[in-house]
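What TrEMBL says about this one:
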type	residues	note
DOMAIN	5-244	domain 'CN hydrolase'
ACT_SITE	E43	active site, proton acceptor
ACT_SITE	K112	active site, for glutaminase activity
BINDING	Y118, S174, K180	L-glutamine binding site
ACT_SITE	C148	active site, nucleophile
BINDING	G290, L291, S292, G293, G294, I295, D296, S297, T397	ATP binding site
BINDING	N373, E402, K522	deamido-NAD(+) binding site
Amino acid sequence: MTDRLTIALAQMNQRVGDLAGNAEAILIVRRRASGADLLLVPELQLTGYPPEDLVLKPAFLRETEAAAGRLVAATSEPGPALAFGSIRVVEGKAYNVVILADEGRELFVTRKRELPNYGTFDEKRIFASGPLPEVFTFKGVKIGFPICEDLWLDDVPMHLAHEGAEILLSPNGSPFEIDKDELRQKLFGGRATQTGLPLAYLNRVGGQDELAFDGSSMVFNGDGELVVQMRDWDEQLLLTEWARGADGRWRCETRERATLAPHPEDIYRAMVVALRDYVQRNGFPGVLLGLSGGIDSALSAAVAVDALGPDKVWGVMMPSVFTADTSKSDAAESARLLGIRHDVIPIKPAVSALDDMLRDAFAGRKPDLAEENIQARLRMVTLMALSNKFGHMVLTTGNKSEMSVGYATLYGDMAGGYSVLKDAYKTTVFALSRWRNENRPEGLLGPAGKVMPDAVITKPPSAELRAEQKDEDSLPPYDRLDPILHGLVDRELSVSEVCAETGEPRALVAEMEKLLLRAEYKRRQAPPGVKLGGRNFGRDRRYPITNAFRTGA
Ligand SMILES: Nc1ncnc2c1ncn2[C@@H]1O[C@H](COP(=O)(O)OP(=O)(O)OC[C@H]2O[C@@H]([n+]3cccc(C(=O)O)c3)[C@H](O)[C@@H]2O)[C@@H](O)[C@H]1O
Ligand SMILES: Nc1ncnc2c1ncn2[C@@H]1O[C@H](COP(=O)(O)OP(=O)(O)OP(=O)(O)O)[C@@H](O)[C@H]1O
Ligand SMILES: NC(=O)CC[C@H](N)C(=O)O
């Protein structure tokens, strides 16, 4: 029996489905952690989290088991014991497990019991729930391994405490949401006090489709004191020192407190990390986007530059007869400030060609939305042509306010591969643009000074699809619209409840609810984008398209 332990916590990125790559990354970290007794890596580190329906594929399960076997065998090399997340099939059912391996042998396997099945999570669809887990005695110390959601609820930690656990080590795959770091701190500090046990909470970092994982791993002692706060948004290996005190209780002696990104930097970091991993892992040489001189495309371009570097971002201004000179100069100045390639490709010839093509079919009809939307669609055709020719992915620039009410052209400006603003309301877009013009935190690849001219932030938003068009002709001002949408979408309030909270007239709120519900068909066809809040369009909020229900007339 030992009175001291060195536990290495490896906050790592992962690549879903890359069994060989993830295993290799674990072994590299294990070599770096050679002074430790035990190395813990995040939830499902071998397969990547969340593996989604890959788990329903027998070949994936077979290959995961084979990769796990090779990883266990590789611990015959000198180094710490390794606790890693994998999938194990028992009597035909797949379980989300932690495998503890040392000296080339599997010592222990424990299964996740609490399967999150809300919001973006669908774990009951793919995994079976394990029994109440056992503790494992490692070098004479009883250790419990609650796996992510196991730690969010009472049952598993209390059971492990009852079974005599002395330390809790919890691997996690916990996606970022605004203010979630504070929630986790409170919850897990409380869990440590409730069980009286010291606990290490280890989360993954990086982007996976719509999810951004912030890391922000922590260690608490049994009195609830937060003793270790690891970095957010970055990989980190930390060797923590643990000792058994005179009272027989284990404590973590390491003291290390990283400062987490404050608001709104946290949101911006989520966008950067999610886009970077999406673009790099899907093999794109860079991104391209329509740069209109407006705030959405300017901010999207800034995020892309901060994620990928200026040489990987390409802005294209595609003026029509309605494009103001100030829009052209603002777009050019945004590109100059960001140091990105900027091309000007007028769509006028294509608009004329469509006018000619449709003249007979449209005879006797006044110009209307059809002609307006043709412009947005011709820009899409242009961007997709460049994407096909050069391989860059088209970045979609729509924000959550527009996506809520359907203020975007289907197969036009909605086209693209990924969106960084999809879960950011327009008021957040303004706030982030102002913030980024004054700050360039460490690690971002863009310029330290301004990233867009002030005029882009201060001028009234316009789609410029017809003369003198302003967003406010069709929608209430964004500082009134966004609280209405936040109530309807993020908090699922009824029209009456939103009216009571915002003081807005019933007719306006009911109209916004109508637009919101009617635009579901557009959102279903929209590209993925990074989740920032508790109710993103996509995985969190799944509404029927064909839907007769309204909360307010
Ligand atoms: N339930 C349903 N299921 C499947 N498809 C459905 C549908 N309802 C309509 N549709 C289809 O959708 C079409 C209507 O959608 P769509 O063609 O997009 O056209 P629509 O939504 O009528 O127009 C786009 C609106 O977005 C504004 N806009 C455009 C571009 C940029 C911005 C901006 O500020 O960023 C704003 C523009 O000014 C206009 O108000 C219909 O013609 C029909 O084909
Ligand atoms: N003249 C243009 N040149 C290039 N791209 C354009 C142009 N007009 C629109 N776009 C593209 O279509 C998207 C929707 O733009 P639009 O101007 O209609 O509305 P917006 O929501 O105000 O966006 P932005 O704030 O970027 O202008 C833009 O973000 C941009 O990517
Ligand atoms: N992987 C998990 O079990 C995640 C669920 C958990 N409640 C979270 O957000 O962090």
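Just so you know, glycine gets a Cβ as well, placed from its N, Cα and C.
The structure displayed is predicted, hence computed values, not measured ones.
Candidate binding-site residues: K180, G290, S292, D296. Those with a Cβ under 6 Å from ligand 2, in sequence order, are G290, S292, D296. In this structure the C-alpha atoms belonging to S174 (L-glutamine binding site) and the residue listed as 'active site, proton acceptor' are separated by 9 Å. For the recorded L-glutamine site, residues Y118, S174, K180 set the reference point as the centre of their Cβ atoms, and the other residues of that chain within 8 Å of it by Cβ are P116, G119, F121, W152, P175, E177.
Proximity of the recorded positions K112, C148, S174, K180 to ligand 3, judged by a Cβ distance under 6 angstroms to any of its atoms, singles out C148, S174 in sequence order.
Contact annotation for recorded positions (C148, S174, D296, N373) versus ligand 1: N373, each with CB under 6 Å from a ligand atom. Highest local Cβ density among the recorded positions K112, K180, K522 belongs to K112, counted as other Cβ atoms within 10 Å over all protein chains shown. Close to Y118 (L-glutamine binding site) in the fold, though at least 6 residues off in sequence, lies no residue with a CB less than 8 Å from its CB. For G290 (ATP binding site), the same-chain residues 6+ apart in sequence whose C-beta sits under 8 angstroms from its C-beta are S297, G315, V316, M317, M318, R379, L383, T397, D413. The residues near the ATP site, meaning same-chain residues not in G290, L291, S292, G293, G294, I295, D296, S297, T397 whose C-beta sits within 8 angstroms of the mean position of the site's C-beta atoms, are L289, A298, S300, A301, A331, in sequence order.
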